[in-house]
Amino acid sequence: MDSVWYDGDAVGYLDQRALPREVVRKRARSVDDVVDAIATLAVRGAPAIGIFGAYGVALAAQLHAGDRPAFEAAAQRIRGARPTAVNLAWAVDRVLQSPGAEREEAQRIHEEQRDVDRRIGEAAIELFPAIGNVLTHCNTGPIATGGDGTALGCFVAAHRAGKKLHVFVDETRPLLQGARLTMFELREAGLPCTLIVDSAAAITMQRKDVRAIVVGADRIARNGDTANKIGTYGVAIAAAHHGIPFYIAAPRSTFDFAIESGDAIPIEERNADEVRIAADDPVYNPAFDVTPGRLITGFITEYGVLAPPYADAVPDLEHRPCLAALSR
Ligand SMILES: CSC[C@H]1O[C@H](OP(=O)(O)O)[C@H](O)[C@@H]1O
């Protein structure tokens, strides 16, 4: 089920806020529509945001044909619609470097993601036991990526290869991407899965023999520090305590070699109403947190599984050959 698509004079998208109750297809006809769809998480998931943003820039090129300053201003508005996921900026910049071929470049980005997801899934299969429990956080399936999914795609690839995995899924407050989207996609793919509240992740590791944890990413710094959905850092700490391998599944486009560590990753804070229960509760609502690279067992990428010799202090990329492979 494609979650974003090019639709002639608009960019089509599934309004992910309505899933899984109903499938609502919409058309972004203006730059305002594109920015709003990203900012309200109607379109969400780092790679999907990048693909949608790329199509949005192609639409802006049509709407502002002959007016390059207006087109570039529109592209920058799309680029800044959500700050944490680097895929959006990466995709917008790629399309901006294709003057006159914006739509074709956006379609290339979309097609590439399908192949990238497939390669990520293939790389992950050997990481899982023949039979076992695994755990994930948030949503990283086809709806979030435009392909087979990243972390969720790893579980699906292992399942298709005959491995018997049971996936424990964090509901992922406050917007419940796990409960609403990951459970829906895993059931569609035929994988056994169990929903847990976020605060049950640690006891699930303690009592349910979780053998591996795989989550997605929104931005990965040179030292391996990784921004992902809020709650991921706590899962990583519990995984380290229980000696459970903790993997990040992400494409090359999620690595940001311009920043040395997670300290430089902008963390989006969102509307208090997403969390608020009583009318005037004071709320702190960061949408992401940053897991230090030293808590990450490996990065599952289209280049294979990168086993990090990460240490906070190691400054030079060449000292980490696994990341160097990505930066060429
Ligand atoms: C493959 S999706 C990557 C990443 O994006 C999600 O964030 P959001 O739902 O706010 O767009 C989540 O952090 C996923 O792990």
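We number each residue from 1, going along the chain as drawn.
Here the Cβ of each residue, glycine as well, is placed from N, Cα and C on the backbone.
All TrEMBL annotations are machine predictions without curation.
The annotation substrate binding site is assigned in TrEMBL to R44, G45, A46, R82, Q177, N228, K229. What TrEMBL records for C138 is site 'Transition state stabilizer'. The active site, proton donor annotation in TrEMBL covers D218.
Excluding R44, G45, A46, R82, Q177, N228, K229, which define the substrate site, the same chain contributes L41, I49, A85, C138, N139, A144, G216, D218, A287, F288 within 8 Å (Cβ to the Cβ centroid), listed in sequence order. Comparing C-alpha positions, C138 (site 'Transition state stabilizer') sits nearest to K229 among the binding-site residues R44, R82, N228, K229.
A gap of 11 Å separates the Cα atoms of R44 (substrate binding site) and D218 (active site, proton donor).
Counted within 10 Å of its Cβ, the other Cβ atoms near K229 (substrate binding site) come to 28, all protein chains included. Straight-line distance linking the Cα atoms of K229 (substrate binding site) and the residue listed as 'active site, proton donor', rounded to a whole number, equals 8 Å.
The two recorded residues N228 (substrate binding site) and D218 (active site, proton donor) have their Cα atoms spaced 5 Å from each other. D218 (active site, proton donor) sits 6 Å from A46 (substrate binding site), taking the C-alpha atoms as the reference points. Secondary structure at R82 (substrate binding site), taken from DSSP and collapsed to helix, strand or coil, is coil. Counting Cβ atoms from all protein chains shown, A46 (substrate binding site) has 29 others lying within 10 Å of its own Cβ. The least crowded of the recorded positions G45, R82, C138, judged by other CB atoms within 10 A of its own CB, is R82.
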